[in-house]
């Protein structure tokens, strides 16, 4: 009975995969989609990284009583160099040593010293927007569609850039930062969802790695130097905003996800999307094929919930366990400490780890499987964190060179884990709640940016933060063994599909130990037909 249920719940997405194969699951339409998605990812990299550049705090000193030349040896950042009973301790003017001539927002507004709280307030508001916006935008993408929410996120990006350039009040600054945080993750997450739902299973890793790794790396490399070339944060944000204006035209080139439309039982719109894909790919398909496809989908979805949300997922024991493990994993693999160096150099160093990690994902993820790679990464991170804790236990080893070296190595593991785990999560989570679940995972990843400071305060006496996180990583590795393998398997559509995914897998089941054959679903999909 269990096997029959497994065959039944997977039939819907099997039909979608077969239909996409007939229309072309890697042809002109998918290449256009990959090109546009990569462009959006490049522009998203420019926008995401711009915060560290636009709001950087350059070296500064109080200019009261001093000229415009270099500061005296003992000049204070916030207090006048020359003081007496008739002068105030507060500074009125500042001089800045702009990094390679780039004027930041902070230096123009003089939000330093006693006004530094204003920029920090904006940063807190942006994080609050991200924590709220990621699940909300994910929910909207599950209710209204992938493409409309992607376009909406980019329109809001244009708006907040415009308001930042032409508005300078603290209240408006906080509003803009909230909007930025609200939509910032949506570009990356929705692009990943569209790619996974339209590409054939064997090409998901390659396409996602190209879109994420190559173009994100390119964006991180060129962004600091574009900013330096322009010399001003206003010109930089204006240049960043102009290409994003093209994103709304995404509507005309990329049809809505067929898998999402079928999961929402919008069959007429699904047929329209399939016809567009077939036309662009040069495929001729009879109307009877579409009609048969829709009839099969209606039969398979007869008892499927039409408007599920994330709360319904927690009623499913196996799906609930899967999501909780992913939440814990995303928190641990996103742990990173920061190095106090110029943000321009910092971004360039981070970029050096992005491309190698994407190449490693392409080589490994389809060979050892999603579960195998996720387990391996966390074990390696555990070892790396424990070694870091031992090395950093000596104050003499906390030199900038050692910190930078360990940071680059840690960034490699971080980016490899982020890319591979994103794909793994998308394949584990059902189409009907994929957007909102990924949004919750993004919010959990945000907490990993706060944890290092909390952990550091708790561990000053008896442990280093790296050692504690390394032990937690070992626990995560054990929990990953409870997840099913998704390599070469059909994406789950409904909550029932997700609940039955890999139900016969064991904790010690790894795809790299099995003989590579066709997917279980494709092998067994003929069984109901033979019985009939």
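Even glycines carry a Cβ here, placed using N, Cα and C.
All annotation found in TrEMBL is predicted automatically rather than curated by experts.
Per TrEMBL, domain 'Major facilitator superfamily (MFS) profile' is recorded for 33-488.
Marked as transmembrane segment by TrEMBL: 147-169 (among others).
The transmembrane segment annotation in TrEMBL covers 175-196 (among others). Taking Cβ pairs closer than 8 Å, the transmembrane segment (175-196) reaches residues 33-34, 37, 40-41, 43-44, 47-48, 51, 122-123, 125-134, 136-138, 141, 146-147, 149-150, 152-154, 156-157, 159-160, 163-164, 167, 204, 207-208, 211-212, 254, 257, 422-423, 426-427, 434-435, 438-439, 442, 491 in its own chain, all 6 or more past its ends.
Marked as transmembrane segment by TrEMBL: 208-230 (among others). Residues 34, 37-39, 41-46, 49-50, 53-54, 99-102, 188, 191-192, 195-196, 236, 239, 343-344, 347-348, 350-351, 354-355, 357-359, 361-362, 415, 419, 422-423 of the same chain sit 6 or more residues outside the transmembrane segment (208-230) yet have a Cβ under 8 Å from a Cβ within it.
For the transmembrane segment (236-254), same-chain residues at least 6 beyond its ends with a Cβ under 8 Å from one of its own Cβ atoms are 32-33, 36, 39-40, 43, 46-47, 50, 53-54, 147-148, 150-151, 154-155, 157-158, 161-162, 164-165, 194, 226-227, 230. Residues or ranges marked as transmembrane segment in TrEMBL: 236-254 (among others).
As annotated by TrEMBL, transmembrane segment applies to 343-364 (among others). Residues 49, 52-53, 56, 99-100, 102, 205-206, 209-210, 212-214, 216-217, 220-221, 223-224, 227-228, 373, 376, 404, 407-409, 411-416, 419-420 of the same chain sit 6 or more residues outside the transmembrane segment (343-364) yet have a Cβ under 8 Å from a Cβ within it.
Marked as transmembrane segment by TrEMBL: 373-392 (among others).
Per TrEMBL, transmembrane segment is recorded for 404-426 (among others).
Here TrEMBL flags 438-456 (among others) as transmembrane segment.
Per TrEMBL, the feature transmembrane segment maps to 462-483 (among others).
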